[in-house]
Amino acid sequence: MELHFGSCLSGCLALLVLLPSLSLAQYEGWPYQLQYPEYFQQPAPEHHQRQVPSDVVKIQVRLAGQKRKHNEGRVEVYYEGQWGTVCDDDFSIHAAHVVCRQVGYVEAKSWAASSSYGPGEGPIWLDNIYCTGKESTLASCSSNGWGVTDCKHTEDVGVVCSEKRIPGFKFDNSLINQIESLNIQVEDIRIRPILSAFRHRKPVTEGYVEVKEGKAWKQICNKHWTAKNSHVVCGMFGFPAEKTYNPKAYKTFASRRKLRYWKFSMNCTGTEAHISSCKLGPSVTRDPVKNATCENGQPAVVSCVPSQIFSPDGPSRFRKAYKPEQPLVRLRGGAQVGEGRVEVLKNGEWGTICDDKWDLVSASVVCRELGFGTAKEAITGSRLGQGIGPIHLNEVQCTGTEKSIIDCKFNTESQGCNHEEDAGVRCNIPIMGFQKKVRLNGGRNPYEGRVEVLTERNGSLVWGTVCGQNWGIVEAMVVCRQLGLGFASNAFQETWYWHGNIFANNVVMSGVKCSGTELSLAHCRHDEEVACPEGGVRFGAGVACSETAPDLVLNAEIVQQTAYLEDRPMSLLQCAMEENCLSASAVHTDPTRGHRRLLRFSSQIHNNGQSDFRPKNGRHAWIWHDCHRHYHSMEVFTYYDLLSLNGTKVAEGHKASFCLEDTECEGDIQKSYECANFGEQGITMGCWDMYRHDIDCQWIDITDVPPGDYLFQVVINPNYEVPESDFSNNIMKCRSRYDGYRIWMYNCHVGGAFSEETEQKFEHFSGLLNNQLSVQ
């Protein structure tokens with residue numbers, strides 16, 4: 001089996017002129033397309049690479065800077081042997097178009113003044129630059145002259161280019177003759193398994209390193225090949241490390257084959273995220289007809305070490321994602337394996353990383369530490385959802401040689417940072433082939449449909465359906481992840497309205513139960529013998545996937561601060577009785593002179609995810625609550641429980657049914673949902689819903705609870721009715737002590753906030769906070 005990276009579209013190798021110190025956001029296959037939308041700027045950029053007039057000074061242009069994507073950055077120009085910047089004075093969108101075309105993009109989307117991507121270094125080559133937009137190079141635009149400026153680097157200009165590339169674009173490296181300073185962008189590279197022991201393995205871990213040049217795959221001569229080169233190649237394909245291999249078998253194979261060698265060699269330091277960041281090594285020798293040869297050498301071979309999660313030794317290894325006993329770093333909120341918000345463990349508490357100076361090198365250290373390859377993207381701006389708790393690290397700067405992110409240089413001060421700047425990663429992971437073993441059929445778009453899986457039956461591979469009985473959102477999440485389609489937005493137990501493949505109507509999998517961490521549906525628990533009484537044509541499992549999902553988190557501090565006891569007369573609890581917010585013994589309480597003891601508290605539920613939280617049921621299924629005078633869209637939105645220390649429920653009578661709305665929002669975010677006037681219900685991303693301690697049913701009835709030590713627990717979205725990017729933080733726990741008159745709440749925290757060791761100590765913590773008893 002062969003591993004591919006990108007696609008060779010220009011028929012040759014493209015060379016990218018960049019220095020190793022540049023922070024590159026990602027290296028993925030360029031999605032060249034033949035058609036592009038109309039341009040809103042005039043003159044309209046043309047969709048081909050323009051030739052530079054012979055009488056114009058030759059320059060190189062690149063995009064650089066921090067906190068950027070691959071198609072944006074500070075404009076830097078290579079002139080007279082030195083890189084410099086461009087001042088933002090008189091810069092325009094027309095000049096930005098010229099810059100973007102010069103680095104291979106079809107147009108500019110915008111430009112940024114005042115060193116938005118950080119101040120550069122060296123000379124400021126151009127100032128007061130004026131372009132019409134038709135120029136083929138920035139050197140053709142008028143300016144004050146080379147190096148004539150009154151600007152400072154705080155005025156360095158940046159551009160944001162369209163992500164669409166110019167078809168067949170090739171970087172011109174003729175200006176720079178110092179070959180060791182070149183970086184190389186390979187359009188196509190693969191690990192080709194040679195030995196029979198590796199040909200049918202998933203993932204492919206060993207073989208020739210080959211580059212596609214034109215229509216031919218070519219080997220790389222091993223005369224200048226190093227272990228550092230292997231380290232980078234393995235990282236590209238999702239492996240954290242490389243190992244030695246047996247060269248004798250490959251030497252025998254090479255002697256029997258006619259080989260075609262690539263004309264270049266490469267020189268990596270081992271810290272690069274991709275070989276396109278490596279320097280170009282010495283050219284290989286040529287034979288009389290100018291073909292590249294490898295005198296006294298043979299093709300370069302890599303042998304990579306997969307982490308346990310991707311080990312090919314047996315399917316039992318894939319039951320759950322690999323998790324060490326005490327990890328120091330983890331990923332949260334990502335849709336795919338190997339992506340998420342980066343969180344680190346410090347003093348027993350998990351916290352996030354501020355994205356200041358966050359780059360691909362630091363992200364790669366995280367990825368390798370977790371058992372993946374290098375990073376293909378360093379994510380900034382909490383694009384994978386906001387974390388909670390402390391921000392442990394800021395201004396992280398790794399060299400790429402570190403074994404752990406905590407070994408890197410960083411600033412422990414997080415002044416000026418907030419969770420809107422949480423850093424994340426997308427890591428390279430091995431190609432396992434799981435995506436080819438499941439498909440969606442019959443849906444209205446590629447993101448939905450009946451689930452069909454490929455299984456072995458009587459020695460043959462056949463497609464079939466999955467029984468929809470007990471099919472839920474957790475199982476749907478695994479399918480969407482396996483297909484690379486993000487999160488599940490819906491799980492369907494009936495799919496009669498979707499006409500799947502008629503040759504896949506037989507049920508081949510039933511009783512599926514997933515934990516949510518599996519890499520594929522086949523790794524979930526399921527029946528050995530298929531049992532689906534209702535059949536799979538009408539009751540086949542289905543899913544709808546989405547690129548984003550909400551993430552609800554309860555503010556534990558608010559709960560701890562607002563908890564108190566109230567003895568409330570039964571005469572004021574008639575609505576609560578009707579809504580079953582009191583324990584069963586309340587029916588025997590004197591309605592005129594009796595009272596109930598209520599544990600009251602406020603709940604502030606935040607949506608820290610990437611999309612709005614919407615109730616599963618449509619308006620037609622909402623229930624009118626006469627006492628509250630509004631509709632409740634979710635009958636079971638939360639559980640409020642008081643538990644004994646062994647987990648037994650000791651109290652009943654609490655609020656479960658909810659109306660969902662935006663009480664407050666962060667910054668400039670606008671409220672979208674309200675309960676009044678039969679309004680739309682939900683919680684907007686970046687907003688929160690506040691249930692104050694003084695509203696009906698916002699309590700637990702503890703009238704019958706004896707004094708003692710207890711666990712207070714709140715569970716949001718307990719039945720997983722609405723999909724979220726992270727269900728682990730839906731639980732909030734507190735230790736509580738009740739002496740018959742007062743109650744103390746302490747150590748309130750959401751699930752996953754602390755290490756496993758700290759969580760175990762939680763049961764035995766003796767600290768107390770005093771909460772007073774109020775009597776009405």
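Backbone N, Cα and C define each Cβ position, glycine as well.
The cysteine that Swiss-Prot pairs with C545 in a disulfide, picked from C480, C514, C581, is C480. Per Cα geometry, D726 is the residue among the recorded positions C131, C367, D726 nearest to H630 (Cu cation binding site). When Cα-Cα distances from E724 (Ca(2+) binding site) are compared across the disulfide-bonded residues C87, C141, C398, C408, C581, the shortest belongs to C581. Cβ environment of D551 (Ca(2+) binding site): G333, G385, N607, N608, G609, Q610, E724, S725, D726, N729 lie under 8 Å away, each six or more residues apart in the same chain. Other residues of the same chain near the Ca(2+) site, with their Cβ within 8 Å of the Cβ centroid of D551, L552, E724, D726, N729, N730, are P550, V553, N608, G609, I716, N717, S725, F727, S728. Around the Cβ of C748 (disulfide bond), the number of neighbouring Cβ atoms within 10 Å comes to 24. Under DSSP, the residues of the domain 'SRCR 1' (61-162) split into helix, strand and coil as follows: 16 helix, 34 strand, 52 coil. Taken as a whole, the domain 'SRCR 1' (61-162) shows an average pLDDT of 91 in this prediction.
The Cβ of C581 (disulfide bond) has 26 other Cβ atoms within 10 Å, all protein chains considered.
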